[in-house]
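A.B. asks: First the structure, then my questions, so here it is.
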Amino acid sequence: MEEGKFCQWSVVRSVLAILQWWIFNVTVIVMNKWIFQKLDFKFPLTVSCVHFICSAIGSYFVIKILKLKPLIHVDPEDRWRRIFPMSFVFCINIVLGNVSLRYIPVSFMQTVKSFTPATTVILQWLVWRNYFDRRIWASLVPIVGGILLTSVTELNFNLFGFCAALFGCLATSTKTILAESLLHGYKFDSINTVYNMAPFATMILAVPAMLLEGTGVKAWLQIHPSLFSSLIIIFTSGLLAFCLNFSIFYVIHSTTAVTFNVAGNLKVAVAVIVSWLIFRNPISALNAVGCSVTLVGCTFYGYVRHSISQQPPGTPRTPHTPQNQTEMLPLVNDKLSDKFSLIKLQYSPSPVALSRRHGENEKFPFSQPFGNPNCLYTDEKLQESKEIDDFQGALPPNKELLLKSVNPPALRLAKHLCDLYGARDSHYGHV
C-alpha cells in the first residue's frame, strides 16, 4: 500500500516538475520575442546582460540568504582557469540564442536549436577524436533532414538569425563538452553553476553591450511611450530566466534520463505552438513536417544514447567506440585525483596477458574489477564509486608495472603517466 502511494507521488512529482519547467522555459522564450518584436527593444546583448545580472542576484539570494542550496566552493586558481572559460562559452551561448530570436520566429529558432545533438557528436569526433557507435550516426539523419526541410520552407527566413541559431548550437555543444573536463571535480547543480558563471558572464558582456547598443538603448528610453511597464517586462524576463535554472535542477532530480529527453522535445513543440498562437507567424505544411521530423529525430537520438548506455560492462559505450585500449579526456588540473578521475579505461588487460608480457613472477597489481574488461566513465555515479578510489590507491606503489603494461608510444595514457611521474625522458616519448 505504501509502495503504491510512493509510486503515485513519484509520478505526480515528475509531472509537476515537467510542467513547471515547460512554463518557465516557454514564458522566457515568448517574453524575449515579445521584447524584441512588440516592445521594439531590439538589443539582444542588453537583454542578455539583464538576464545575467538577475541570475547572479537570484543565485546569491538562494544560496547565501535563503540557504536553499549549499554553496560549492571553488579554488581561487580554478576560478580563472576553469570557471572563466566556461562562463565565456556560457555567455556566447545565451547571447546567440537571443540574437536569433531577434531576427527569426520562435518556431524556426527552436527547430534549429534541436540541431545541438548533431553538433555535439560532430565536434567530439572532429576535435576530440571520439568515436561513436553507428547507431548514433544513424539517429542524426532525421535531425539533419528535418532541419534542412524546415530551413528551406521557412517563410520568414533570415540568414543572420539562422546563422546565430546555428552557432548557438555549436556554443551549446562546446559548453557541454568542456564542462566534462573543465568542471570535473566540482559537482555543480544548476544554481551553483549560475552562481559562479553569471558574474563572469556579466563582466564579459557589459562592455560590448554598452559599446554596441548603448546609444540605441538611450534613444529607446527617451522615445518609448510606456517606459515603466516595458522595463518591468524586461526585468521580469531576467527574473524568469533565473527561475528557469532552478526549474531545470528540479526536473533533473525528479525524472529519469528518458523522461527528461522526451519532455525536452515535447517542450520544443509546446514552445512552437504557443509562440504561433501569440505571434501568428506563418508556418507552411512542409515547415511543420520538417519541425516534426526534427523532434522525432531528437527523441530517437536520446533513445539510442540511453539504450547504448544500458549495455552490460565490457561493451563499448557511447560517446565513442575506442580505437585504442585506453583513451583519456583532456586534462586541465594537476591534481592526482582530477587526473585519474578523467581516465577512461575502455579495456583492462587480463592478468594472464600481463603475465605473458612481463613474466610469471610479476603479479598484476589491480584486483577486481580491474582484472577483467570493464568500462569506466566520468559520470557522477563513477566519481562517487569505490572503484576510482581503489584504482588511485593501487596506482602509486605499482606505477612501474603499469607503465610497462601500456604500449608505447601510441597511448595517451602512457604519455600522461610519464608526465605525472616525471619520466619525460623515458622510452615512451611524446604522443
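From the backbone N, Cα and C atoms, a Cβ is placed for every residue, glycine too.
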A.B. asks: Of the ranges 136-153, 154-171, which one does TrEMBL flag as transmembrane segment?
C.D. replies: 136-153
A.B. asks: The transmembrane segment (12-31): which same-chain residues, six or more beyond its ends, come within Cβ distance under 8 Å?
C.D. replies: 101, 106, 110, 233, 236-237, 240-241, 243-244, 247-248, 250-251, 254-255, 259, 263, 266-267, 270-271, 274-275, 278
A.B. asks: Please indicate, using numbers and ranges, the residues of the same chain that are 6 or more beyond the transmembrane segment (258-279) and have a C-beta under 8 Å from a C-beta there.
C.D. replies: 14, 18, 21-22, 25-26, 29-30, 33-34, 37, 105-107, 110-111, 113-114, 251-252, 291, 295, 298-299, 302-303, 306
A.B. asks: Looking only at the domain 'Sugar phosphate transporter' (16-301), what is the model's average confidence as pLDDT?
C.D. replies: 90
